[in-house]
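What follows is a single structure, written as C-alpha cells, with notes after it.
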Amino acid sequence: MQDQNNSNTPKKKKLSFWGIIGIVASILVLLVIAYIIYYYVSQTTVLKRDFSFLNRAIQEAAKSATDDIYFKSIVDNPYNNSLVATMQLPENVWAALNGMTSTSTRIRVVTFEVHATTSMKNILYNEIISSIGGATPSFSRGLAMILGYSENGVTKAGEFLSTGAPTESIWSTVLRYGTNIIFLLLFAASFIFMFMSFRSQRGTGGLLDNKSVAQRIYSNKKFSDIAGNEEVKEEVKELVDYLKNPKKYSTAGARIPKGILLGGPPGTGKTLIAKATAGEANVPFFFISASNFVEMFVGLGAKRVRDMFEEARKTAPAIIFIDELDAVGRSRGAGIGGGNDEREQTLNQLLVEMDGIKENSGILIMAATNRSDVLDPALLRPGRFDRTITVGLPDIKEREAILKLHAKGKRIANNVSFMMIARRTPGFSGAQLENVINEASLLSVRENTNVITLPQLDEAIDRVMAGPAKKSRTISEKENAAVAYHEAGHAVVGIKIKGGNKVQKITIIPRGHAGGYNLMMPEEEKYNRSKAELIAIITSFMGGRVAEAIIYGKDNVSTGASDDIAKATRIARKMVTEWGLSELGPIKYEEDTDNPFLGRDYMKNASFSAQVGQEIDQEIRKIILAAEANAHKIISENRELLELIKDALIINETIVAEEIEYIAKNMKLPPAITKTKEDLHEEYSDQDFDNLFNEVSGKKIISEDKYVDDLNKEIKQLEEKIEANKSSSKSTVNEEKSKDEKNN
C-alpha cells in the first residue's frame, strides 16, 4: 500500500541549469529596477546658480540690519568643486537677486548650488577675511567669516561646513559590479549552452558521447502503400526476405547484396520505399540524412559514421538508410576547397565501414540520391552498393495506380476517369500526383461540393504545373484575342499534323509568367521517336508564333512564343548534335543527359571546330525554318478552324480535348459554347460583336494573310550556304592530301 502511495506521489522536478540562470537573471533585473527607483526618489531638487550670485547674496545679507536675511549653512564640497548654500530671505530680495521684481515680503528658505573651483573659493574666503581686519580664523570658526562680513553686527550665519570624502552606497556598488557579474554569467551560460548543444547534436551523437546520430524509427508503411515501381519493390522484397530468413540464402551459398542505392528524379518514392522496407522487415531501422555527418568540427563526421555502424552491429540484423547520399558521397578531389576536407574524411570512413576489415554480416545499407552521377566510384563498386536501382517517373498505368491509391478515402465524382487524369499528367512524379489529388480536395472544400469533380481535378493539374490562375489580372480584349490566336495555332497544327503533340487543354487565363497555357501531349507515350515525329513536335511548337504572324504580321509577333522557341530549339539541337538526325550524319558532337538527376554536365563536351559549330547552327536553323514553313502551310489551309478555336477560347477562356475534337470534326462550336456566345451578344453592340468574332451576320470573315512567306527563300539560301561550306571543306581536305603526297 505504501509503495502504491509512493508511486502515485508526483515526483519533484529537478531545477535545471537554465532555471537557475533564469532565477539569477530575474534577481539582477529586480535589483537594477529597485536602484533606479531609489535613485530618482532620493534625488532632491537643488537650484543651480553661478558664483557671482553667491557673492551678491552674501552682500545682501551683510547689508541687512535684521536677521531676515540669514544663511543657515554653507557646505563646501571639495570633491566636486561646489558650494551648497541654504538661506532664508524675503520674497522681494530673492526676486531681486534673480533679476526679477516682487512686492511680497514673505520669508522663504531656499537652497542653491554654485560651481566654485578652489581658486574661486580662496577669493571668497580672502574677501571675507579682509572684511574682519585681516585676522585668519580657524576652519572651525567659520561662523565668524560671514558674521564679520556684516556691517551692522547682526548674526548672519549658521554653519560653515566642509563635506567629508564621499562614501559609496550599496546601490552604487551593485550597479558598478552588477554589469560585470551579468557579463560573466552570460559568458558562462553561452559556454555551457554550446557545450550541451554539442553533446546533444540533434538529440543524440554529440562530441563526447558515443551515441549514434542515426534515428531508430518504426514505420507503419508497407509495400502495399506503394503504387507503381513494381521492379523496385521486387528487388527490395528479396532483401527483406533475406533479413527475415538468412538461413535460406546461406544454405544456397548466396551472398545477399550489402548495399542498394536508389537513384532517380525527386518525388518518385525513394524514401517511401525505404519506409516500406522498414515496415516490412521488422528489424531495427536506422535513418540518417547524409548532411548530418558533416559539422563544423574536424573528425566529427567520421566519428558519427563509426558510431552508427557500431550501434547497427549490436542490433544486427538491421537496416541503415542514408538519405541524400550525395551530400557526403561526392567524388573525392573534385571540391573547390581541396582534397582533404571534412567531407572526404567522412566519406573515407563510410567506405571503410561498408567494406573494410570489420564484417557487417546482417547489416543492409540503403541510400537514396538524386545525383548518382556525382558519387565516388569507390562507393558504387560491388561489395558496397552492389545494386543501383533507378526509380524513374511512372508511366501511364503506374500514374493511374498512384492516383487511385491517393484517392482512397476521398469522395470522387462518378464521372471521373483516373486513366484520363493519368493521360493528362505525363512526366508527373508520384509526389506531384499526390499533390494533384490534395489540391482537388482543397478546391472541393473551397467550393463547398460534396465530391471532387472533374473540373476541380483539371484545375488541380494546372495549379501543380503552372501555379494558380491569375484571374484578377486585367487584360484588354485585344491582347486576349492575340493570346487566343496563339493558343489556337498550336491546336490547329496539333490536330492536322501526324505524329505531333496533341492539345489536351487550352486556357487563356494567365498562370505564372505565361499569358496562356497549353497542355500538349503526344498521342501515346514512347521511349523512342523518329525524325518525322520530332519534326512534327517542333512544328506544333511553332504553330502559336505562326498564327500570330498570319493575323497581325511578323512585325507584330509577341514575346509569348519564347518558351515554344526554347523547346523547339532544344529538340533541334539534340537532333543535330546527339541523335544524328541531320545532314551532318550520325556523329555525336555534344554530350548532354536527358535526365539531370541521373547526370548533368554543366560544361558540355564540345569537341569540334568553329567551322563545325557553324554548320551545326545552320542545320538547327534549317530544321526550325522548315518547321515554321510547314506550320504556316497547315494554318493557312485551316483558317476557319483557327477562328473557331479562337472564338471558343474568347467565350469560355478554357477548352479541353473533347471540345477541340468536336470543333475540328463538325467545324462549329459545341452547343454549350454556342449558347454562351448568344448570351454574350447581348452585352455588345452588333459592330463590336462582329469585330470580336470576325463575323458579318453570323458568317466568318477570313482576314488577309499578313505572314510574309519568305521562309522557303531563307531555307534555299541556307542550303546553298551549307553546300558552299561543304565544297570549301572538301577542297581544303584535297589540298592537305596533295601536300602530304608531295612530302612523302
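The backbone N, Cα and C atoms fix where each Cβ goes, glycine too.
The active site annotation in Swiss-Prot covers GLU487 and is backed by sequence analysis. Just so you know, the Cβ of GLU487 (active site) picks up 24 other Cβ atoms within 10 Å once every protein chain is counted.
The ATP binding site annotation in Swiss-Prot covers GLY264, PRO265, PRO266, GLY267, THR268, GLY269, LYS270, THR271 and rests on sequence analysis. Secondary structure at PRO265 (ATP binding site), taken from DSSP and collapsed to helix, strand or coil, is coil. Every protein chain considered, the tally of other Cβ atoms within 10 Å of the Cβ of PRO265 (ATP binding site) stands at 18.
What Swiss-Prot records for HIS486, HIS490, ASP564 is Zn(2+) binding site, and it gives sequence analysis as the kind of evidence. Taking a C-beta cut-off of under 8 angstroms and a sequence separation of 6 or more, ASP564 (Zn(2+) binding site) has the following same-chain neighbours: HIS490, PHE541, MET542, GLY544, ARG545.
Annotation comment: Swiss-Prot describes 733-744 as compositional bias 'Basic and acidic residues'.
Annotated region 'Disordered' per Swiss-Prot: 722-744, in sequence order.
What Swiss-Prot records for 1-16 (among others) is topological domain 'Cytoplasmic', and it gives sequence analysis as the kind of evidence. Confidence in the topological domain 'Cytoplasmic' (1-16), given as mean pLDDT, stands at 47.
Positions annotated as topological domain 'Extracellular' by Swiss-Prot: 38-177.
Feature annotation from Swiss-Prot assigns topological domain 'Cytoplasmic' to 199-744 (among others); the stated evidence is sequence analysis.
According to Swiss-Prot, the transmembrane segment annotation covers 17-37 (among others), on the basis of sequence analysis.
Swiss-Prot lists 178-198 (among others) with the feature transmembrane segment.
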GLU487 (active site) in three-state DSSP notation: helix
PRO266 (ATP binding site), number of other Cβ atoms within 10 Å: 10
Residues near THR271 (ATP binding site) in space but at least six apart in sequence (CB under 8 A): ASP323, ALA368
Nearest-integer angstrom distance between the alpha carbons (Cα) of PRO265 (ATP binding site) and GLU487 (active site): 30
Position of peak Cβ density within 10 Å, selected from the binding-site residues GLY264, GLY267, GLY269: GLY269
CB within-chain contacts under 8 A for LYS270 (ATP binding site), separation at least 6: LEU262, GLY263, GLY264, ALA368, VAL391
